[in-house]
Amino acid sequence: MSALLILALVGAAVAFPLEDDDKIVGGYTCPEHSVPYQVSLNSGYHFCGGSLINDQWVVSAAHCYKSRIQVRLGEHNINVLEGDEQFINAAKIIKHPNYSSWTLNNDIMLIKLSSPVKLNARVAPVALPSACAPAGTQCLISGWGNTLSNGVNNPDLLQCVDAPVLSQADCEAAYPGEITSSMICVGFLEGGKDSCQGDSGGPVVCNGQLQGIVSWGYGCALPDNPGVYTKVCNFVGWIQDTIAAN
């Protein structure tokens, strides 16, 4: 894993669709407020995504760490005040103790909000996994990441894409020696459809449960290069213990 790759994924993910298409490959603009757990991490600008897991905690990717973060909830168009947003500063930001910035193993981070959010139809938590998602499970990935294959176009409106969990064998074959037990691949081995990572730290939700966190990958929609995500089902104990201790 190169440092260049890691840097490329922070803030807005790399997008390299096979087709000359200025949209996330296979993706679409999410119906307004259909992803109420999606958050935007902001430090004067949107730089990563995350997921609300209860009224005072957000989960994201550890490689999205900044010492000061404002969490923005209830967003759809992140460049317009629409009246449903809640902006809350982070009180605590906790990276997994075994996170590796080189291999991106254990790429998970918890953010405690300085005050609880007001839960409603447009701001609501997503459930943690009760079990790991088997290969073939269909998932929803969302984010405000770059939508251009050449250049930069960060969309105003939240983007969604549907993609399946791949087998661990296929994931390891796609990235020999780079996949750990804390990573899963989601996407299509044949290429042509992908989330283009959406946004680093953002959610992969399967059957109503948070199964993945946008972590890394090589390009987008390239054959044999699916997106790689933090395997959230392996971290439920750590999440629960960390919340209880803080």
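Just so you know, glycine gets a Cβ as well, placed from its N, Cα and C.
In the three-state DSSP reading, His63 (active site, charge relay system) counts as helix. Feature annotation from Swiss-Prot assigns active site, charge relay system to His63 (among others).
Annotation source Swiss-Prot lists active site, charge relay system at Asp107 (among others). Around the Cβ of Asp107 (active site, charge relay system), the number of neighbouring Cβ atoms within 10 Å comes to 31.
In the three-state DSSP reading, Ser200 (active site, charge relay system) counts as coil. Summarising the annotation, Swiss-Prot assigns active site, charge relay system to Ser200 (among others).
Counted within 10 Å of its Cβ, the other Cβ atoms near Glu85 (Ca(2+) binding site) come to 17, all protein chains included. The Ca(2+) binding site feature in Swiss-Prot is assigned to Glu75, Asn77, Val80, Glu85.
Annotation source Swiss-Prot lists disulfide bond at Cys30-Cys160 (among others). There are 18 other Cβ atoms within 10 Å of the Cβ belonging to Cys30 (disulfide bond). In the three-state DSSP assignment, the secondary structure recorded for Cys30 (disulfide bond) is coil.
What Swiss-Prot lists as disulfide bond is Cys48-Cys64 (among others).
When secondary structure is read from DSSP and collapsed to three states, Cys233 (disulfide bond) falls in the helix class. Non-local contacts of Cys233 (disulfide bond) by the CB criterion (under 8 A, 6+ apart in sequence, same chain) comprise Pro129, Ala131, Cys132, Ala133, Gln211. Feature annotation from Swiss-Prot assigns disulfide bond to Cys132-Cys233 (among others); the stated evidence is sequence analysis.
A simple way to gauge crowding: the CB of Cys206 (disulfide bond) has 23 other CB atoms within 10 angstroms, across all the protein chains here. Among the features that Swiss-Prot reports, disulfide bond is placed at Cys139-Cys206 (among others), with the record citing sequence analysis.
Swiss-Prot lists Cys171-Cys185 (among others) with the feature disulfide bond. Around Cys171 (disulfide bond), taking its Cβ as the centre, 23 other Cβ atoms fall within 10 Å, counting all chains.
Per Swiss-Prot, disulfide bond is recorded for Cys196-Cys220 (among others). The DSSP secondary structure for Cys220 (disulfide bond) is coil. Here the Cβ of Cys220 (disulfide bond) has 26 other Cβ atoms within 10 Å, regardless of which shown protein chain they belong to.
The domain 'Peptidase S1' feature in Swiss-Prot is assigned to 24-244.
Taken from Swiss-Prot, the feature signal peptide covers 1-15, and the record attributes it to similarity to another entry.
Residues or ranges marked as site 'Required for specificity' in Swiss-Prot: Asp194.
Note on the domain 'Peptidase S1' (24-244): its mean pLDDT in the predicted model is 92. Within 8 A of the CB centroid of the Ca(2+) site residues Glu75, Asn77, Val80, Glu85, the other residues of that chain are Arg72, Gly74, His76, Ile78, Asn79, Leu81, Glu82, Asp84. Secondary structure at Val80 (Ca(2+) binding site), taken from DSSP and collapsed to helix, strand or coil, is coil. Most Cβ neighbours within 10 Å among the disulfide-bonded residues Cys48, Cys64, Cys139: this distinction goes to Cys48.
Note on proximity: of the recorded positions Cys64, Cys171, Ser200, the one nearest Asn77 (Ca(2+) binding site) is Ser200, by Cα distance.
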